[in-house]
Amino acid sequence: MVHAETFSRPLSRNEVVGLIFRLTIFGAVTYFTIKWMVDAIDPTRKQKVEAQKQAEKLMKQIGVKNVKLSEYEMSIAAHLVDPLNMHVTWSDIAGLDDVITDLKDTVILPIKKKHLFENSRLLQPPKGVLLYGPPGCGKTLIAKATAKEAGCRFINLQPSTLTDKWYGESQKLAAAVFSLAIKLQPSIIFIDEIDSFLRNRSSSDHEATAMMKAQFMSLWDGLDTDHSCQVIVMGATNRPQDLDSAIMRRMPTRFHINQPALKQREAILKLILKNENVDRHVDLLEVAQETDGFSGSDLKEMCRDAALLCVREYVNSTSEESHDEDEIRPVQQQDLHRAIEKMKKSKDAAFQNVLTHVCLD
């Protein structure tokens, strides 16, 4: 018969240590098992790990040291662009001299000469800048050139970065955008096609999307309370009318990037063809007169088509053995005329397609 005293006796020191050891092993195995299961069912785990590695690499490239980042800030940091790796300068942008001058005065100067304006609230850089106008007119180029000239860290924010399947994660990512930008200031948060992200709110918006937008705007407002903060949200859009009125209020500095006029088109053509093999008799003013309604990207594509005509003629007129001996002839006026006609037909066809869809709707 077992006496009751046997069950009530105190554990020995070795038994206590053994029990603690077994509980520790059990807890560790349970933790890592659950963690492995969560990682296994998360389809974005691999992308998150790769994003973290990319973020750490970028942070080293831009010379950021002794700055601790959270998991969410690391996800945003993967979209950092090193200003030294941005090969866009003002000299790469033609026909927008007035816009460039205004940007230098209102955005770049207050950042580069901060000590001159620290006692004035009126002369601080704006917290929001909107670039709007037709597609292909250089809005993204201007944003990159602004960041490079001002020496700002450039966060190329994609709206998809802020969406997460877990409830509440999108708000944390939105908060990480601003906390990271503040840690890395001076910095520019650039949102291309901002109308797709911060468009007019309506009752049909998903709850998570509405909460994320509200969080984003609330944090954006926080930049205004700290006048020494050098964080700028810069957006580009083709449809400013679709932007929420609250967003427009937060972007008081706006620049209309319109389609280039005659002199602007001539300047753009000179820039595009500056280092190309072009016949000296080509009249770029005449080409500019024939390209009314062309955007900057249209002009570049037109020049590319003209150069390809020379390449195609060279390939068709020579044998494989003589390719190394001959040279491709320079681009001539007639090549540019043919490329213009091709581009006009393409634009007309696209316009007719749009009209057809409108009529069907």
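Note: Cβ is positioned from N, Cα and C throughout, glycine not excepted.
Database features (Swiss-Prot):
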type	residues	note
BINDING	Gly133, Pro134, Pro135, Gly136, Cys137, Gly138, Lys139, Thr140	ATP binding site
MOD_RES	Ser322	phosphoserine
TOPO_DOM	1-15	topological domain 'Mitochondrial intermembrane'
TOPO_DOM	33-361	topological domain 'Cytoplasmic'
TRANSMEM	16-32	transmembrane segment
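Projection of Swiss-Prot feature records onto the structure.
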| residue | record | Cβ within 10 Å |
| --- | --- | --- |
| Gly133 | ATP binding site | 19 |
| Pro134 | ATP binding site | 15 |
| Pro135 | ATP binding site | 14 |
| Gly136 | ATP binding site | 18 |
| Cys137 | ATP binding site | 26 |
| Gly138 | ATP binding site | 24 |
| Lys139 | ATP binding site | 25 |
| Thr140 | ATP binding site | 16 |
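Secondary structure at Thr140 (ATP binding site), taken from DSSP and collapsed to helix, strand or coil, is helix. The record gives Gly133, Pro134, Pro135, Gly136, Cys137, Gly138, Lys139, Thr140 for ATP. Within 8 Å of the mean position of their Cβ atoms, the other Cβ atoms in that chain belong to Leu131, Ala236, Asn238, Ile257, Ser295, Gly296, Ser297.
Across the residues of the topological domain 'Cytoplasmic' (33-361), the predicted structure has a mean pLDDT of 81.
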